[in-house]
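Student: First the structure, then my questions, so here it is.
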Amino acid sequence: MWQPLSNFPRACDWSPAEGRSQSARWEGPQSRPARAPAGIQVGGWRGAASGQAGRAGTRSAAGQPRSGESMRGDHAARRRALQPLPPLLLLLLLLSRAGALHPDELFPYGQSRGDQLLQEGDDESSAPVKLASPLRFYEAQFSYLYVGTNGIISTQDFPRETQYVDDDFPTDFPAIAPFLADIDTSRGRGQVLYREDTSLAVLGLAARYVRAGFPRTAARFTPTHAFLATWEQVAAYEEASSRVPPSEELNTFQAVLASDESDTYALFLYPANGLQFFGTRPKESYNVQLELPARVGFCRGEVDDSKREGPYFSLTSTEQTVKNLYQQSNLGVPGVWAFHIGSTSPLDNIRPATVGGDLTKAHPSPSLEQSFGPTAAPASAYTEDDLDYYDENEGEVEYPPGEPGDAWNGHSSIDTSFQSKAEPRPLGGPASPSPQLTASDRPLYPKAESATLDPQTKEGRALGGVDSPGLNGRVKASRQPGTRGPAPSEIEGDSLDPTRGAPPPYADGGAPPSEEGAPSAHPEGKAVLLNYPVPAHTPPLGRGRQVLGVEDVIGSSTEVFTYNAANKETCEHHHGQCSQHAFCTDYATGFCCHCQSRFYGNGKHCLPEGAPHRVNGKVSGHLRVGHTPVHFTNVDLHAYIVGNDGRAYTAISHIPQPAAQALLPLTPIGGLFGWLFALQKPGWENGFSFTGATFTHEMEVTFYPGEERVRITQTAEGLDPENYLSIKTNIQGQVPYIPANFTVHVAPYKETYHYSDSAVTSTSSRDYSLTLGTINQTRSYRVYQNITYEACRHSPRHPAVPTTQQLNVDRVFALYTDEERVLRFAVTNQVGPVEGDSDPISVNPCYDGSHTCDMRAQCHPGAGVDYTCECASGYQGDGRGCVDVNECAAGSHHCGPNSVCINLLGSYRCECRSGYEFADDQHTCVSITPPPNPCEDGSHSCAPAGQARCIHHGGSTFSCACLPGYTGTGHQCADVDECSENRCHPSATCYNTPGSFSCQCHPGYRGDGFQCTPEPTQRPRTVCERWRENLLEHYGGTPRDDQYVPQCDDLGHFIPLQCHGKSDFCWCVDKDGREVQGTRSQPGTTPACIPTVAPPTFRPVPRPDVTPPSVGTFLLYAQGQQIGHLPLNGTRLQKDMAKTLLSLHGSIVVGIDYDCRERMVYWTDVAGRTISRASLVPGAEPETVVNSGLISPEGLAIDHFRRTMYWTDSGLDKIERARLDGSERKALFHTDLVNPRAIAVDPIRGNLYWTDWNREAPKIETSSLEGENRRILVNKDIGLPNGLTFDPFSKLLCWADAGTKKLECTLPDGTGRRVIQNHLNYPFSIVSYADHFYHTDWRRDGVISVNRDSGQFTDEYLPEQRSHLYGITAVYPYCPTGRK
């Protein structure tokens, strides 16, 4: 006989006074955060702070500093006042985490508090502020600070803003940057205030923030000084315009530096609605639309080694990460960030607080803070591509080293889209308490609202936490349950009456049979924790309130909270365990999966919200129906769930009639699917959100009055390829006999579910009636339910999901017919807070399922009873009617190359083609690994590749052969000395080289070395020389001063100026010596004669052992008012040979391309609104070919075959074409363009390509060169496609995206898309040459090269003049032909 469920707690084990901690979350500007009640005092602390705030650090009446004794007395008093509180009192003070930071809750500031006011302006800097006590920044100590307009503090005066305000970290000087951007306080638009402060109120608040953020390393931190800088209502710089009013977007933020004798901590504070702009536009961006996100972080500045960047820490890189500054936190209060920035102990880099942070509003940001040199940590990109993750340059996710203590090689970068959170420890564990900071820790001012805290609903935070010295990485928002904490009654010292309000479960007061024999252990990773609640005495809880269950005091599974860092699993290697609709997040102890927006589940299994769901399974049973045994095996179970109204239909086929009839009352069999996919009230979650598709549901049902008992086990085994849930059901025990033809009626009921880390429990009683004609019998049963699943233990629990939820079940239906032999259940389910039996109130149709949305649509509630319908992911329509989207036909799938897309209802799946298999990510199809090839894997024994080649013969066999120029066995090869074989001409010198040789003719001979002929010894005399010789012979060898003799140059040409003897009678002659009319001189003057013969071209004489290089390939790049020339040596950048090709004063060159036939460079000028060209012949002058009808010409492409050019104009939103001389101009496209930028041409196939970085719908389009057959080529997963290039040799169309930070390529028809590099900085333009890409980068202000095959960065060139680079093109020594 099966064992009874024996670990259900008794009723007396549970007390309604117990509560679970809950974190309030700021939901938007309309929601005000909760305040701590005014006047709360803990141990007299606030009284000490307020009583001495006015005296600490003051001066005497004479204005002199107070005496040393007095100062020492102040310090002693301050240390007594700031002593760390006992853990219990500190927990009381920090009991509930607050919502978003209110502006009133910034550190106090204003001129009345002693602040100095920075002069208003665009680029102002304060006078040096002498600190009373030096502070430490990194390893150094500083006594002066400077405050700048542009959201920055430094230990030295600032350079001009153009040298740092638009550049990424690191800066060349020490920087503390709470919001580094181009800020302007001119014309009264905001103010910047700053001061040093030693008041106890300020120091006490700073100490509590720091201790909350660093509970282990700063538990006794007692600051002696604080420096505050506040930027209040400041504006972004804007060009003055009489037509456009100034922007009303203003920012307020604050930086506080708190220090003692040994350590310095920085606090950055961003109040709700305090950040209204998130970046600024560079002053030199001209007509090119660009907004650089604000930089937030720290830089040490230059180091002794000028070739090495100093350490730095970057907190933001995208607009979304800037937005997250006031929405999130690294110490538990949204808008407050803490950092350890200096210490007498070794501090390799900035260390952020890692205790808390409300991540529920996090958005991903697929990019990496990439820099060259000794840069940041290794990274991988696992992003939630379907979220709104970019504006103009967003999208990175970074995974730092696995060890928490890694120093990141002196460079750190964390994207605030995702903030790591410490792993909780059980109560009483080895970690010291580390409560979260709350509203009660903030200063209370007269403006602050007060609130009355109900002792029964106080909210607590977890005791426990890990202060990791390093950063564990960028992580994503978790939907995990909230962190546990002690109940208020425990904290306040109330004794818990174990029997209070807890009646026994049975009328006779006895315990249920299931209370015996509790198991001693549970499988690792699961907790089987069962509550026995008494719903009648459960305090009614609203959203955000919870009840502490019995399982909260179980602390035996301490191994759950420990890990071995050496065995830590990370997203980099295990992200394939996540659903294709999820993203992966690294935490301190491992990784977790989280469903993307519009999907729900546990991350490993995600289903679309609002869509119908299906369940398939098998049911087996060994039952005794009355006294009759009945057995059945693997009969079919099917369920269909309408997700948007909570209806669940279950059908079980071919159960023998006696068993099927007897099972009619057991609606929990189908009720499981109702709980899994129940309609969710706002802020509450159904079962699938916790369990995903793998769990075990155990039920123990006892029938009354006969006390028959049956046990049902339902095991979920995941989702099949069509996203159907697979489940097995086993039924064993005894059930009461129900005669045929009787029908079963079950009234609507409510069930209370209790949630712990890996278990959900429920206990309830239910009545049912049996009817046949006039017969009506009422019976009952009691059901105990236990659902166990594997929750991801590495992430913090979801702070908003209560531990107790109520399932309301309505429209219960059970039916069995002999004709069909199908047992059917139907229920309508809704999950929400625990409620009493009160009169019904009007609710929104979305919450009670009475809406009229399509069953494949989500219902979105509005005001009152209004609502809207939106088709679920994978469906399309108006929400009232939805049809399946064929992702395969529409091209919106993510199946990679070598795979086949198969459409499913509401989804699709990818299958690999023959010969391919899925890689670890379960999306990419890779070639099935062939058998080992020694020639490819390097296991052969041939001589080095430059001397021999390996020949594979199949399997593991191979042979070796020496290359031409070498001799030997192939395993060993020696160079052949060709010079000993007399291969060169006798009049040439032979030079032997490894594997080859060269021949060079002797001086006096010409040829290729294999054939040499003597050079002529004397050139023939010219006309000038012969005439001169004849006249000299006529004059007898020496002419008189009045006799004319032709004057010849060294090559025998007439010198343009000829004179008569030694007189001043001169004239000009042409190249044949004929006088040029009108050039005879007057007495005392000399005519200005123009040379008629081009000067000779002199080339350096090569050394005997060097072959002069032919004209090579080079790059041309646009840099503002000049075009630069950067030669290539193969594919390497010859940086020492770079130079300026053209200086174009007053121009802003953006697009650039090259005509290989006439060796002309063409460019667009957004300042002059022209298109110009110039020959590469020395001395050539620029020529304007288009000078009208342009506003902002950007991209430019030359078709050297057809002698035409194409360009984009982002001001006119046009794409135009003209002949290379500007004639025959024609507009190809002027509709459906928003921000056209890059353009490329394929002359061989006659195709035109261009990008449009429309923020709402970025795309890459193509057409014929005549403007026909226009179509979208790429419009998925792109953000800001700035650069575009077509490689005629590989036939690849490639683009650089400043939004997704990716370099990608596709075939001309849009197929075969692949990522080359996904860690770009801010690319603008790109060109391909050989197996490399070269792009200009606005973060690095240079030219970056990327290997096409490996995707690796190979080189970079940073011009001495640092400013943004725009277009780039490659100049070949020939015209590329490509291939069809």
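Placed from the backbone N, Cα and C atoms, the Cβ positions cover glycine too.
Annotated region 'Disordered' per TrEMBL: 1-77, 352-379, 393-523, 1077-1102, in sequence order. What TrEMBL records for 47-64 is compositional bias 'Low complexity'. Look at TrEMBL and you will find 178-344 tagged as domain 'NIDO'. Sequence annotations record features per position, and here TrEMBL assigns domain 'Nidogen G2 beta-barrel' to 611-841. According to TrEMBL, the domain 'EGF-like' annotation covers 842-883, 884-922, 931-974, 975-1011. Residues or ranges marked as domain 'Thyroglobulin type-1' in TrEMBL: 1021-1089. Per TrEMBL, the feature disulfide bond maps to CYS1059-CYS1066. Annotated repeat 'LDL-receptor class B' per TrEMBL: 1159-1202, 1203-1245, 1246-1290, in sequence order.
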Student: Are the domain 'EGF-like' (884-922) and the domain 'Nidogen G2 beta-barrel' (611-841) near each other by the rule of at least 3 C-beta pairs under 8 angstroms (pairs 6 or more apart)?
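Tutor: With 3 or more qualifying Cβ pairs, these stretches touch.
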Student: What is the average pLDDT across the domain 'NIDO' (178-344)?
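Tutor: Residues in the domain 'NIDO' (178-344) carry a mean pLDDT of 87 in this prediction.
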Student: Do any residues, 6 or more residues outside the repeat 'LDL-receptor class B' (1203-1245), come within under 8 Å Cβ-to-Cβ of it, and if so which ones?
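Tutor: Counting only partners 6 or more residues beyond its ends, the repeat 'LDL-receptor class B' (1203-1245) has Cβ contacts under 8 Å with 287-289, 1151, 1153, 1155, 1157-1158, 1160, 1162, 1164, 1171, 1173, 1185-1186, 1189-1197, 1251-1257, 1263, 1265-1267, 1270, 1281-1286, 1288, 1293, 1295, 1308, 1325-1326, 1377-1380.
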Student: Only counting partners 6 or more residues apart, tell me which same-chain residues put their Cβ under 8 Å from the Cβ of CYS1059 (disulfide bond).
Tutor: GLN1047, PHE1065, CYS1066
Student: Taking a Cβ cut-off under 8 Å, which residues six or more beyond the ends of the repeat 'LDL-receptor class B' (1159-1202) line up next to it in the same chain?
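Tutor: Answer is 286-288, 1116, 1118, 1123, 1141-1142, 1144, 1146-1153, 1208-1212, 1218, 1220-1222, 1225, 1236-1241, 1243-1244, 1248, 1250-1251, 1265, 1284, 1367, 1369, 1371, 1375.
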Student: Over all shown protein chains, what is the count of other CB atoms within 10 A of the CB belonging to CYS1066 (disulfide bond)?
Tutor: 16
Student: Which residues of the same chain, at least 6 past either end of the domain 'EGF-like' (931-974), have a Cβ under 8 Å from a Cβ in it?
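Tutor: Hits for the domain 'EGF-like' (931-974): 994-996.
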Student: Please count the residues of the domain 'EGF-like' (884-922) that DSSP assigns to helix (H, G, I), strand (E, B) and coil.
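Tutor: Taking each residue of the domain 'EGF-like' (884-922) in turn, the totals are 4 helix, 16 strand, 19 coil.
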